[in-house]
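Peer 1: Before I ask anything, here is the structure I am working with.
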Amino acid sequence: MRMRKKPWARPELEGCDFFVINPKEYKGKWKEFFGNDKPIYLELGCGKGTFMAVHASENPDINYIAIDIKDEVLGLAKRNIEKAYEEKNRKTDNVKLMAQEIGLISEILSEEDVVSRIYINFCNPWPKEKHKKRRLTHMRQLEQYKTFLKSEGEIYFKTDDDELFEESLEYFNEAGFRIKYITYDLHNSDVEGNVQTEHEKMFSEQGIKIKFLIAMKDN
């Protein structure tokens with residue numbers, strides 16, 4: 001379903017102190033931009049920001065980068081993140097929000113940026129064969145992530161889609177990642193501290209089991 005236009009979104013984003021208008025300027029300089037050496041966690045496709053809002057507001061010792069492409073969802077993410085920080089009486093000093101085509105993620109991140117963890121939550125499964133290269137877990141994407149993901153850095157991947165999950169396992173293996181953890185039923189697993197996204201809640205209410213894995217970049 002296409003999201004309705006939100007004329008307020010772009011002006012709000014441009015006036016937001018944690019929205020990065022031109023992220024390409026900071027390629028190789030994200031630690032300098034944050035102003036500290038805290039580890040960097042990256043969410044690819046942050047949607048309405050409910051996942052990022054919880055993680056970033058509860059973990060001040062980690063720097064977070066949240067990426068999506070459309071102003072409409074980024075505007076909602078901005079509001080949700082602000083609300084979470086306000087509830088904890090915290091400044092939004094460890095989170096950056098930006099618009100970027102994820103297929104071109106190397107435009108804004110390089111090996112100097114040293115990302116410790118990547119979150120990929122309920123990305124588009126692109127089921128047609130001719131579209132599979134667009135998947136955020138496809139080999140082509142994983143090779144990009146490897147350039148800025150640190151040695152033994154991790155990718156946390158959640159999906160409702162069985163085919164995407166199984167084929168992603170193959171992608172991770174082919175790209176030289178090691179599967180550190182895997183479950184085909186996240187909500188009945190031993191995983192602690194899971195933060196649900198809006199899609200995750202919706203699929204769970206429909207009785208769909210959530211698949212989850214942690215893939216680690218080997219040395």
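Using N, Cα and C of the backbone, Cβ positions are placed for all residues, glycine too.
Straight from Swiss-Prot, here's the annotation block:
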BINDING   GLU43, ASP68, GLU101, ASN124  S-adenosyl-L-methionine binding site
BINDING   LYS128, ASP160  substrate binding site
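Describe each of these features in terms of where it is and what it packs against.
Peer 2: Here ASN124 (S-adenosyl-L-methionine binding site) comes close to ARG134, ARG135, LEU136: these same-chain residues lie at least six apart in sequence, with C-beta atoms under 8 angstroms from its C-beta.
Cβ neighbours of ASP160 (substrate binding site) (same chain, under 8 Å, six or more residues apart in sequence): PHE122, HIS199, GLU200, PHE203, ILE208, LYS209, ILE210, LYS211.
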Peer 1: In the structure shown, which of the binding-site residues GLU43, ASP68, GLU101 has the fewest other Cβ atoms within 10 Å?
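Peer 2: Taking GLU43, ASP68, GLU101 as the binding-site residues, the minimal 10 Å Cβ count falls on GLU101.
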Peer 1: Give the three-state DSSP assignment (helix, strand or coil) for GLU43 (S-adenosyl-L-methionine binding site).
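Peer 2: Strand, per DSSP.
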Peer 1: Which residues, in sequence order, are found in the same chain with Cβ within 8 Å of the centroid defined by the Cβ atoms of GLU43, ASP68, GLU101, ASN124 at the S-adenosyl-L-methionine site, excluding those residues themselves?
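Peer 2: Counting only non-site residues, the set is LEU44, GLY45, CYS46, GLY47, ILE67, ILE69, GLN100, ILE102, CYS123, LEU136.
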